[in-house]
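Peer 1: I have a structure I would like to understand better, so I am pasting it below and will then ask my questions one at a time.
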Amino acid sequence: MDSVLSACGLNGKKEKVQEERHLRANDREFNLSFKYANNAIKTSKYNIFTFLPLNLFEQFQRLANAYFVFLLILQLIPAISSLSWFTTVVPLLLVLCITLAKDGTDDINRHKNDRQVNNRRVDVLIDGQLKSEKWMNVQVGDIIKLENNQFVTVRTLTLLYTSSDPGTNLKVKQALTVTGDLGDNIDTLAAFDGEVHCEAPNNRLDKFTGTLTVQGETYALDNERILLRGCTLRNTEWCFGLVLFGGPDTKLMQNSGKSVFKRTSIDHLMNVLVLFIFGLLACMCTTLAIGNGIWEHQQGTSFTAFLPRQDGANAAFSGFLSFWSYVIILNTVVPISLYVSVEILRLGNSYFIDWDRKMYHTKTDTPAQARTTTLNEELGQIKYIFSDKTGTLTQNIMTFNRCSINGKSYGEVVDFSGQRVEITEKTEKVDFSWNSLADTKFCFHDHALVEAVKQGSSEVHAFFRLLALCHTVMPEEKTEGQLFYQAQSPDEGALVTAARNFGFVFRTRTPETISVVEMGINITYELLAVLDFNNVRKRMSVIVRSPDGRLTLYCKGADTIIYERLHPSCSKVMEVTTEHLNEYAGEGLRTLALAYKDLDEAEFEQWRERHHEASTALEDREEKLDAIYEEIEKDLMLIGATAVEDKLQDGVPQTIEQLAQADIKIWVLTGDKQETAENIGYSCNMLREEMTEVFIIAADTAEGVKEELVTARKKMSPDSPEEPPFLKSRFRGQKSQVVLDEESNGEYGLVINGHSLAYGLQKDFQLELLRTACMCQTVICCRVTPLQKAQVVELVKKYKKAVTLAIGDGANDVSMIKAAHIGVGISGQEGMQAVLSSDFSFAQFRYLQRLLLVHGHWSYLRMCKFLCYFFYKNFSFTFVHFWYGFFCGFSAQTVYDEWFITMYNLVYTALPIIGLSLFDQDVNDRWSMQYPQLYAPGQKNQYFNKMTFVKILLHSCYSSLILFFIPYAAMQDTVRDDGKDIADYQSFAFVALSAMNHFFLWGSLSVFFAITFTMYSNGMYLIFTSSFPFIGTARNSLNQPNVWLTIFLTTLLCVLPVVALRFLLIQLRPTINDKVDQNTQTHIQRPSFVYLLSSQKELFLALYLFIYLFLMVCHNTNLTGYYASLQFCTNLTLFLPTPAFPLLCFISTILNSSPVLSFFSSFTFSSLFSHPLLHSSLPSCLLSTPLISLFLLSPFPSSPFSSFFLFSLLLSTLFIFPPLLFSFFSHALSSP
C-alpha cells in the first residue's frame, strides 16, 4: 500500500524498500506464495456502506462546512441562539447534498467503468488449455493470448511470440529469440517454465529492468520487450505473453494516482479573503458584544421588571453570550455556498470550450477539450507562453529536402549558369520509375543525387545504406511491392522513405536480421546490437554484420553529439558539412549527422560480453549501458548529414502576432539546432527584422554565459541595477521572491542554446538569466532537454508574479506541461502523452488565441463579476443586522424573518448571478479577437483584487445603510390608509427584506412573492406556529402605496450612485473595454427605441429627474414645488433628442393625471426631510440641474466645458446624499 501511495504522490506511514519481483511461468502455486495483486482494478472511492460517512468526512474537512457545524452546535444552546436551527441546517444540507450528488454520480461512473474493464474476456493458458477468463481472474505468471486490435490485459508482459512483425505507429515491441521459437504450439507453451526477476511495481513508463532465465541462460528484459496495460495490439495477428504485473501493480494504475492539484490565483486570493472575513466577523461580534455590555450596564436595569435576569448574570456575562449570538446571526458574511457556485460556473465555462465549433479540427475530427474544470479563469491571465516547436508550431510531417554527402550538398536546383532556381510546383521532379519499390508520393528535384546513386558512388551508397539500416521503423507489406512504414517519429519515416526511393529499400526485419533491397539485390544483415536513442544521448546506433562478414557500426544523431565522437581524420569533411548544416538550418530544416565505424571481430566480442553483463544488471542498468555505448561510439567516420522540412501549421504567424498584441510573451523551447530555431522564429513573426537586436547566448563556460547575459541586459537598459529589483511587501517592507519587470529601450529577442542554458539555470546565474530573458519580447531556447524545459518554466513561476502556460504535443513536453500553471496538449503526430497530461487540448496551435482571448477573457470577467456580486450581496445583507444592533439594545435580535435568512442565498439571489456568470460577454468573440488589448486587465488582475474587495466592502456598507435606514425612517411614524398602525417590527422587517430582495433579484419577483405569501399565510402559521410568526405581514404591508414607494426609493438610492460613478468613469477614465464598446456601438445600427433604452446619458438623466421630482414632492407639503418641477421637466424636453421627446411627453401626461396628483398630495415625508442641511442643498441641486442636463444632452461631450459640467454633477450628487443620510440618522436617533 505504501508503494502505491508513494507512486500516486502521497506519503505512506513509512516507505518500504522496494524489492525485486520473482515469478515463474505456468506455476500459479509458486507465484501465489508471494501474494502478488491479481488483475482486478478499483478506481472507485466508495461503496454503498462507506459513501455517506467518508464523503461527509471529506466535506467537513473544508473550513466553511466545519464552521457551519460549529454554528449549529451554538444554536442548540438556548442562552445563545436567537435563530432557529433550520437557518443553518437548510443551507448546509443543500451544499452537502449538491456535493454528495456530484461525488456520488462520479463514483457510480467509476464503478461502471471498473466492472466493464474487469469483466472483459481474454484467453489464458490454464492446465494445458486456452480458456476464456475475465480480466479480473488473470494471475501473475499466467500465459495469455492477445489478438490484433485487442487491449493489453495486464500492466506488463513479456512478449513470447508474434505471428508477424509487431509494432504500432509509435512503439515497436519485439520478442526475444529464445521465446520466439516457441511458436503457437500450446503444449510447448504449457511446458515453458522460464523465471523472471524484475523491478518492483513503479510508475516509470519509459523504463523497465528485468531478466528472463530459461534453461540456465539469462536474457535481458527492457522496455522493448514489454507491453503495457491499456495499450492496443496493432499490425499483429496474435501474440502470447507472460503476465508480470496485474491490477494495481500495473504502470497504468500506478500512474492513475492524484496528479499535482493546480489552483488559480483567484483561489489563493479567495482563501486570504475568507480569513479576512473571519476576522471581520470577529470584530463585528466583539463590537456588538461590548455594546451589549455597556447597554446592559446603563439601561438593562430598566427592563428587569419584565425581562428578569438569571441568577449570577451581569453585564459582562450578557456581553459574552451576545458575542456568540452575533456569531450565529452574522454567519451570512461567511460564504458557505461560494465554492459550490464557483464549481458550477467553472463547469459551465468548460462546456463552452468543449462545444466551441470554431476550435474543432475537421480533418482529424478533434474537438477542443477542457480536461480540467478548475482553471478556466486562469486562461484570462496568461503572461508567459512556453511552446515546443516540432508538432506544436509545425505540422510534424517531415519531407526529405536536402542532404550533404562526403562534403557535397544535394537538393538544390540550378540552371545552366549554375544559379540557384526556386523550387515551385512546376519544377521538374526526379523520375523514380526505375525503382519498382519507390514511394510514388515521394518528391525530389535534384537529379544529380539520382545520377550519383546509379553511377555507384560508394559514399552515396554508404549514406543511404545507413538510412536503411539505422532506425526502428517497422515495415508492413500487405500486397507485393506495397510497403507501409510505421515509424516512432516522422523524422525516421522520412529518412527511410528517402533511402527507399533512391534504391535502398528497407523490406523486413526480425529481432536478429534486417533485410534491405540494395539497387534491386536482396541483402540480409545480421542485427547484432541496437544502441537506443534517448533525450540525453541524442543519437542512435546499430551494429550489423553484412553477408561478407564485415562488422559495421552505423550512427546518426545531433551534429554536436556526433562531432564530439569523430576521428581526427574527418576534420576537413566536418568543416564543409558544418557549412552545409548551417545553410540547411538557416532555411528552417531539421538536421542530423551520419557516421559509421568498421569494427574488429575480436574487439567486438569482448565488448559484446560487457554489453550483455550491463544489459542483464538489475541495478544501475542504464548508467552501465551508457558507459558501454561510449566505449564503442568513438573514432567515427563522418558520412554526411540530412535535412528534412517540417512546415508551419496554418495560422501560426497570425496567432503569435495576436498574442503579442495582448502583451503575452512567447518562449520557444526546442531540441533543434540554433539556426533552425532562429529561422522558425522569423517565420512565425516571433523574431522580426525591425527588432532592435536579437541576442545570441552561446558561451561554453559559466562566466562567459553570465558576461553575455549582463552585456545584453545593459544594452536593453543601461541604467539597470546590478542587483535584481525584488517586490517589497506592503505591510512589512521586506523583500519577496518576486522579481519586478524592468523596462527596455527597444524591442529585443534572445536565443540561447542548451549548453549555455545549463549554466544559466545554475543557482548563481538563474536570476541574471531571468532578468535578461524577461526584458525580451521573444526568447528561443534550442538544443534543450525535457528537464531543461521544465526548469525554465519553474524559474519563471518562482520569481515572476505571472501566470504561465506550456503547450506541446509530445512525451518530451510532458514535464513542461505539468510544471506550468496551465498545460495545453496538441493531439498531433507524436501520440497522446502530452494530451493526457494537459489541462486543455486541441488539434492546432492557432486555436490557442481563441482559447485565451475569447474563452479565457470571458471566464475571467465572469468569475470576477460573480465574486464581486457575491461578496457585495452577502456584506450588504449582513451589515443590516449590524446596524440594527444599535437599535435593539444589542440583544442579537434579527432584522429579517428566519425563513428569508434561510433562503436568501439559496433561492432569492442564486439564479441571476449564476446566469450572468455563465453567459455574460463584455464584447462578442469577434471583437475579442479583433482587440487583443482587452486581454490586458486579466494579466494585471484588475477586475478582482484586494483593493476591489475593499471597494466592495465600502459599497456594501453604504447600501446596507440605505437598505436599513430608509425603511426604518419611512415606517417609524406611518399609519395605513385606513388609520391602523403599520409601524410594527414585522412590517418594518418585511419592507426591509423586500427592498433587499428587489434590489438583488428584480428578475425573480414571481418566485419571491410565491414563497413570501406561502410562508406568511394562515395555513403555514396553523401548521407550524413557532416557525412562521409573520402571519399576515405580506398582506398588511404590500397593499399600502407608501410601502411600494419606500421599496422603490431604497432600490433607486442604492443603484443611482453606482450608475453615476460608472457614467463619470466612462467619460473621464474610460477603460479599454469602454473604448471598444463605444467603437462597437458605432458599427451597430439600432432602432430608435432600442437606442433610447441603451443610451447611458438619457438613462442617467431620467433617474436624476425622478429623484429630483421626488425630493421636491417630499420636501413641499403643497404642490407648488411639484408644479415647478413639472414645468422645468417640460421645458427641458426642448433640448432632448427626438427619440426622448415622446417618452417625456408620456411621463408628463402621467404625472399630470388626477390619480397621480392626488397620490402625491396625500403622501408626505415631511418628518424625514426636515433637516436644515437638506433645505440648503436643494437650491444648489436646482441650480446645477440645467448645467447637468446641458452636459448630458450636449452633442460635444468632450468639449473643454465638460469638466465644469461634470463638476456640477458631482457637486449636486454630493449635496444630496450626505444630508439624506444625516437626516436619517438624526431622525432615527432622536426618536423616543
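Every residue, even glycine, has its Cβ placed from backbone N, Cα and C.
Please treat TrEMBL annotations as automatic predictions, because they have not gone through curation.
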Peer 1: According to TrEMBL, transmembrane segment applies to one of these ranges: 59-79, 773-793, 836-856, 1172-1192. Which one is it?
Peer 2: 1172-1192
Peer 1: Under TrEMBL, which of the candidate ranges 677-698, 1139-1160 is annotated transmembrane segment?
Peer 2: 1139-1160
Peer 1: Counting other Cβ atoms within 10 Å of each residue's Cβ, which of the binding-site residues THR390, ASN812 comes out lowest?
Peer 2: ASN812
Peer 1: Just to be sure I understand the packing, how many Cβ atoms besides its own are within 10 Å of the Cβ of PHE533 (ATP binding site)?
Peer 2: 19
Peer 1: Pairs of Cβ atoms less than 8 Å apart decide it: which stretch in 272-295, 866-887, 949-970 has the most with the transmembrane segment (899-919)?
Peer 2: 866-887
Peer 1: Roughly how many Å separate the Cα of ASN812 (ATP binding site) from that of ASP388 (active site, 4-aspartylphosphate intermediate), to the nearest whole number?
Peer 2: 9
Peer 1: Nearest to ASP809 (Mg(2+) binding site) in three-dimensional space, by Cα, is which of the recorded positions ASP388, PHE533, ARG590, GLY671, ARG783?
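Peer 2: Ranked by Cα distance from ASP809 (Mg(2+) binding site), first place goes to ASP388.
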Peer 1: Need this for a regression test: binding-site residues PHE533, ARG590, GLY671, ARG783, filtered to those with Cα within 10 Å of ASP813 (Mg(2+) binding site). What's left?
Peer 2: none
Peer 1: Across the domain 'P-type ATPase C-terminal' (835-1070), what does the mean pLDDT come to, as a whole number?
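Peer 2: Averaging the confidence scores along the domain 'P-type ATPase C-terminal' (835-1070) gives 75.
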Peer 1: Calculate the distance in Å between the alpha carbons (Cα) of ARG783 (ATP binding site) and ASP388 (active site, 4-aspartylphosphate intermediate), and round it to a whole number.
Peer 2: 12
Peer 1: Using only the residues recorded as binding ATP (ASP388, LYS389, THR390, GLU492, PHE533, LYS556, ARG590, THR670, GLY671, ASP672, ARG783, LYS789, ASN812, ASP813), report the maximum Cα-Cα distance in Å, whole number please.
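Peer 2: Greatest Cα-Cα span of the listed binding residues: 24 Å.
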Peer 1: List the Cα distance (Å, whole number) between PHE533 (ATP binding site) and ASP388 (active site, 4-aspartylphosphate intermediate).
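Peer 2: Counting only the Cα atoms, the answer is 20 Å.
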Peer 1: Between ASP388 (active site, 4-aspartylphosphate intermediate) and GLY671 (ATP binding site), how many Å separate their Cα atoms?
Peer 2: 9
Peer 1: Whole-number answer please: how many Å between the C-alpha atoms of ARG590 (ATP binding site) and THR390 (Mg(2+) binding site)?
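Peer 2: Pair distance, Cα basis, whole Å: 10 Å.
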